[in-house]
Amino acid sequence: MGRRAKNKQGAPPSFEEIQKVKEKRENKKRRSTESKTAEPKKKSKKKPKHDKPVKVVEDEDEFPAGLPEVDYDKLAKEKKSLFEDSEDEEVRVETLDDLPDVGDDEYDSDEAKRAKPIFSDEEDAGDDIEMEKINANNMEKYSKMLDEEAEEEELEAEEELLEGQNEQPRPKILPALDEGEEGEDNAQSHDVTFVRTRMLEIVKVLENFKNLAEEGRSRAEYIDRLIKDICEYYGYTQFLAEKLFNLFTPSEAMEFFEANEVRRPITIRTNTLRTRRRDLAQALVNRGVNLQPIGPWTKVGLQIFDSQVPIGATPEYLAGHYILQAASSFLPVMALDPHPNERILDMAAAPGGKTTYISAMMKGTGVVFANDSNKVRTTSLVANAHRLGCENVIVCNYDAREFPKVIGGFDRVLLDAPCSGTGVISKDQSIKVSRTPKDFMQIPQLQKQLLLSAIDSVNAHSETGGVITYSTCSVTVEEDEAVVDYALRKRPNVKLVETGLAIGKNGFTSYRGKTFHTSLSLTRRYFPHTYNVDGFYVAKFKKIASSPHDVSKAGAKEKEKSVRADEKEEGLIFHDFAKFDDKEDTDIMKESIKRSLKRKGINPKGVNVDRQLKRIEENIKKASEEEEEE
Ligand SMILES: C[S@@+](CC[C@H](N)C(=O)[O-])C[C@H]1O[C@@H](n2cnc3c(N)ncnc32)[C@H](O)[C@@H]1O
């Protein structure tokens, strides 16, 4: 179904719109309370935009003065900043000189937020300015008062509207029981606006079930309909939609699905082996690139708004002054915290975004073993290491499960694991239909083997490290908490520690009846809808003692067998997360084929889908027979 089509028709209020009214009301309350307790207001010290003094650059990351002016007001309206939250929106950036210094404590401070003049209720009292007495002195105050009143009226009107919606008779959102399948499959239920409206209505019901649900209807019925609508509207398989939906509350799930329809901002990482961020920013701005720092949490990242030159082909790019890298991808390296002169292993390294960052954090000293089992992909790893001048990198090509047999005793190991990619759906929409239940059995199995190898490859007595960082660009619990929890159980000689990352949601300590070690809350989750970054997961371990596994010569095959045996014994995957069943899988494939035909504008009724399905079924059967034989 074309997502563009939905925008042509009058859309119902979105979750964000409803949320905005709530936020406006809360902000207003907050401002009013603050102003009551605030000190008497001082005159704003803000200098006129065109009369600014040249700023003295004190910090090496500070932005230079005199860069061409960028219309940040316009840009801010168009693009959402990374890791911005509603409070950050109050920090207005007008020129590059006004950019908050990275690492500057004032960036997020309450001081800065209070800097905006506030019109308090207290000031209203005794300030009854009559029309005829308006003069140059009280004009500004009077105009603010009018603005306040208008805002108050607008809020009340919006609230009334929302309340009115809640008070209406309970709507019959689901098809009547006697309509059965037919009611669910009429032409209207495929209309995008209708489906969107129904999704919104179901979410409202689910969040206030007692008061809004239709009598005789269960929660499960609403959820079932909502998931079908999600599949219809966003184009997921039922299996994946359900899996992702279960991670959130209904309204947050909708925000997540919506965020997957929007590309994340383009970001670059300054290569500090070659340049400084302020110099890079200056050079790029001179070439007509609109940019700004990603946020206070990184001193090397820049967000690109738009550019008159291709960002992947500027002279600075070719000279290795920066690398195009997703913001979330900085996080595992920051958690790993590489130190100069260490020996570090990057187990699954291609194409090298994280390896080259590790190398830069080590200031080109020590050694980074950058390994990847895919030989073709190691070519780009070598190319990136060359371009960025990472002279301390050694590229190798092993199945990482062979470590520490290949080499061990590292100060730190990064395992940026191969994963299902459910955090990067906005980049690769094919994930919506290509992931099967089998993937969520096989991928975590590999991740578990790799993580045990990572742990065994670290020197518990390292003077500076003894650290393992595990990360994925997937948001599913099977690939994240379940893998980490498994490693904690299998290797009691490691413990989870704080990632040191200022942002991110806590990892789950329980999920759908399965309980994990309480320390799993130290791990960090990132979602596209909360931080405007790719979905990501980061866990940091400290190895506290050596174990016999550290010197084990077990190779990939033995490790695979052992993890499979563990899982069978624990019944973990099969019962908790991804029941694998040929029939169910076939149905999913059928739906996918039909949807894919529809997307191509082909009516599935005119195609012998059954024959295609038969072929797929035969392939599935053959694949599972081969697997069993193995
Ligand atoms: C998420 S990507 C790594 C991205 C990389 N860390 C970066 O930042 O550019 C996962 C990588 O794991 C590699 N991989 C898959 N199975 C592996 C294995 N058994 N051993 C080593 N690498 C493996 C894949 O070839 C892929 O390049």
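Glycine is no exception: its Cβ is also placed from the backbone N, Cα and C atoms.
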_Co-listed S-adenosyl-L-methionine-binding residue [TrEMBL; alongside ALA348, ALA349, ALA350, PRO351, GLY352, GLY353, LYS354, ASP372, ASP416] among ASP337, ASP399, ASP428_ = ASP399
*region 'Disordered' per TrEMBL - which of 150-189, 590-629*: 150-189
*Measure from the Cβ of ASP399 (S-adenosyl-L-methionine binding site) and count the other Cβ atoms within 10 Å, all protein chains considered.*
20
*Non-local Cβ contacts of ALA350 (S-adenosyl-L-methionine binding site) (under 8 Å, 6 or more apart, same chain)?*
ALA370, ASP372, ASN374, ARG377, THR378, SER380, LEU381
*In the structure shown, with every protein chain counted, which of the binding-site residues ALA348, GLY352, LYS354 has the densest set of Cβ atoms within 10 angstroms of its Cβ?*
GLY352
*Looking at S-adenosyl-L-methionine and its recorded binding residues ALA348, ALA349, ALA350, PRO351, GLY352, GLY353, LYS354, ASP372, ASP399, ASP416, figure out the farthest C-alpha pair and report it in angstrom, whole number.*
19
*Local confidence of the prediction over the domain 'SAM-dependent MTase RsmB/NOP-type' (256-544), expressed as mean pLDDT*: 97
